[in-house]
Amino acid sequence: MGLLQLFVGLFCAAAAAAFGVDPAVRISVFQEFSPAQGFSGVTQVQGFHDDTRAFLFQESSQMTSNEMKRRLAGVSGFSDASPEKKTSLESSGQKSEVRLHFQTKGQQTYTEIFPYLLADNQWHKVSVSISASHVALYVDCNKIYERVVAVPLMEIPEETSFWVGQRNSAHGLFKGVMQDVQILVMPQGYITQCPDLNRTCPTCNDFHGLVQKIMELQDILAKTSSKLSLAEEKMKGLDSCYCERTCHVKGVTYREEQTWTDGCKNCTCSNGTVRCEKILCPLLECPDGTTPGYVTGTCCKECQSMCLFSEQTLVEGQRCAVHHPTAGLCQLFECRDRTMHRVASSKDCPQLTCAESDQITLTDRCCRVCRGHDFCEEENICAENSACVNLDAGASCSCKNGFRPLREDSAYCEDIDECAEGRHYCRENTQCVNTAGSFMCICHTGFIRIDDYSCTEHDECASGQHSCDDNALCFNTVGGHSCSCKPGYTGNGTVCRALCDGRCLNGGSCASPNICVCPQGFSGQNCETDGIAVWTKHSLCVNENTMCLCAPADIDECRTGRSTCANDTVCFNLDGGYDCRCPHGHNCTGDCVHQAKVKHSGQIWVLDSDRCSVCSCQSGRVLCRRMVCDCDNPTLDLFCCPECDPRLTSQCLHQNGLLTYSSGDTWIDSCQRCQCLQGEVDCWPLSCPPADCDFTLVPEGECCPRCVSDPCQAHTVRNDITKTCEDEHGITRFSGSSWVKHGTDCTLCQCKNGHICCSVDPMCL
């Protein structure tokens with residue numbers, strides 16, 4: 001159950017004041033309407049204080065208020081928005097996260113995740129500050145996070161529905177108590193919740209810090225101005241240049257949209273990429289006196305003149321030798337213009353070095369050759385992906401492995417897609433990827449290679465290739481792993497932070513379990529004592545925001561009484577730990593002291609502060625771990641093992657209302673991974689691989705961005721300030737800037753890395 005005091009600040013006072021509107025709009029949600037009247041699952045309960053009402057949320061509740069819409073309608077920037085725009089603040093106790101869902105002016109949906117545990121059955125003051133591109137999260141008057149994000153869309157349409165208790169009508173149900181829920185449109189609205197944060201007079205450290213920051217900004221401004229002047233000079237020289245993306249193939253450069261023939265493929269240069277299609281040869285009907293035949297350098301047969309000679313059919317340019325065995329003479333003829341012409345020999349045949357029995361007589365020449373003669377060296381008509389093969393009386397072409405012939409003589413060949421045709425040997429846990437002349441078997445995520453064709457599960461925990469925090473335990477799973485924070489730490493396993501009993505006061509921070517690092521001038525277990533901090537040779541001084549913090553480098557558990565050694569053993573301090581040793585001549589029990597209680601050696605118990613952690617006493621030392629889930633155990637704690645809960649009350653309903661899931665089940669909906677946990681649904685955004693390109697879009701029906709070549713189709717652009725555009729007035733526009741096209745009211749143009757993209761806003765017509 002979560003106990004919250006919630007503020008949401010939308011700080012756009014500068015824009016509001018410029019139009020003469022009241023810059024401070026403050027709406028108390030629970031004063032605009034009574035949640036307990038007409039909303040099922042909402043009950044008024046005792047709050048953190050008695051000044052305002054508190055409400056317990058247990059079911060889905062949609063809350064709307066015309067007064068809230070009226071008060072927000074007058075604020076600049078809060079109008080003319082599509083009702084589909086959604087902005088919400090969500091707390092996930094399962095993931096120990098606070099999520100802010102919002103949309104940007106570019107119509108993109110973003111989720112900013114802040115790792116933090118709110119669902120600890122304690123009251124918390126929570127405020128979210130949104131100011132231009134800055135988002136800050138305050139918890140209990142402490143700034144937990146401050147980030148720079150894409151500029152959120154600050155518009156609220158007339159059809160807006162305010163949801164309190166859940167993210168929207170589909171999912172994200174919140175069960176807990178809320179009090180003082182407010183929406184503020186004013187500068188530094190979070191100070192309303194925490195007045196002590198309002199420091200109008202800066203300290204000396206603040207002043208010196210501001211002076212140093214101003215000097216750094218002046219230096220950055222000077223360097224940026226110099227770079228900008230240099231860039232402007234280079235841009236002037238580019239005005240006379242025409243740039244286009246070309247294609248380079250086999251040492252030849254082709255321009256945009258230029259076409260050429262490469263063997264049996266017709267190719268085109270398109271936006272710097274070569275695109276080829278297979279040539280389809282027509283069916284030839286040759287006239288009398290001609291016959292189909294291949295011409296060197298072409299893919300398809302052509303009609304060629306032919307000659308009839310000694311019952312042979314020869315095509316244009318083909319030769320035939322007539323040998324006279326008895327006289328030792330030879331005459332050579334060539335087919336030209338449908339007639340055989342005698343070819344006069346201009347030189348004598350070369351002297352052969354092989355035996356006469358190894359000399360071969362050929363049909364297309366008068367000179368003999370030795371057996372093993374290299375005909376491929378004389379003339380190689382075999383194209384790419386085809387190999388020339390020497391025969392006894394000539395040469396022929398043969399396709400290389402992984403290729404098939406495109407014509408009868410195998411002079412041209414194409415790649416065989418073994419993956420698509422099922423001609424591969426990839427086994428389980430792999431994916432087949434086609435390559436030129438072959439294929440590859442790629443291991444699925446979370447698996448490692450056994451051989452070229454199969455993969456097995458990868459133990460990320462044993463190999464150290466996991467994403468768990470240093471203060472978390474790693475558990476190997478099929479195809480991946482899971483993380484769980486160690487006792488004394490809290491978080492989602494990937495990020496774990498230390499827990500301290502009570503709270504670190506006076507600006508202190510929790511460095512390790514129950515150890516507060518105090519600022520200068522404070523001391524004590526919770527930094528509650530105002531005095532001079534004592535530094536020793538074992539202390540570590542850390543400069544943090546011009547304030548020195550003292551933290552011990554090693555804790556002597558024996559001296560401080562933090563060991564678990566029983567009275568019959570002696571504690572020995574070690575670097576980063578301790579050991580319980582039995583004195584010589586004694587018979588020690590090996591018992592442990594845990595939370596002022598004696599635990600016998602070998603005893604196992606459940607932590608009082610964490611019912612899902614099991615501890616054991618081993619030779620004087622206490623070791624703790626997360627509970628192992630055995631669903632066949634009838635005494636199993638279902639709170640720690642929700643996947644073993646068979647009860648109907650622990651089931652969850654899918655967002656479409658048609659499917660039911662058991663506790664522990666997961667599914668994907670609306671680009672989010674959801675999990676059922678004892679009747680409650682928690683969803684978090686899917687992680688996407690990085691898209692290393694300038695232009696990306698998210699296709700309809702998909703969740704992750706893809707690279708596109710057309711900048712006008714892109715939803716997101718990685719802007720390059722050196723790539724500018726020139727509008728219809730000759731004004732230079734930087735990438736990312738937008739303007740209304742001259743002479744129109746509804747045509748909006750944008751510069752995207754040197755490309756101008758314009759579109760008509762249908763809502764403007």
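Each residue, glycine too, has its Cβ placed from N, Cα and C.
Curation plays no part in TrEMBL annotations; they are all automatic predictions.
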Disulphide bridge to Cys510 as given by TrEMBL, partner from Cys496, Cys500: Cys500
Among Cys504, Cys527, cysteine joined to Cys518 by disulfide in TrEMBL: Cys527
Highest-contact recorded stretch vs the domain 'EGF-like' (457-497), from 245-304, 554-589, 590-645, CB pairs under 8 Å: 590-645
Sequence-remote partners of the domain 'EGF-like' (554-589) [C-beta within less than 8 Å, at least six residues beyond its ends]: 515, 538, 598-601, 617, 619-622
Cys518 (disulfide bond), number of other Cβ atoms within 10 Å: 24
Sparsest-packed among the disulfide-bonded residues, when each Cβ's other Cβ atoms within 10 Å are tallied, from Cys500, Cys510: Cys510
Predicted model, mean pLDDT over the domain 'VWFC' (650-708): 80
Cys527 (disulfide bond): tally of other CB atoms within 10 A of its CB: 22
Number of helical, extended and coil residues in the domain 'VWFC' (650-708), per DSSP: 1 helix, 25 strand, 33 coil
Non-local residues, at least 6 beyond the ends, that sit with Cβ under 8 Å of the domain 'EGF-like' (415-456): 385, 400-404, 478-481
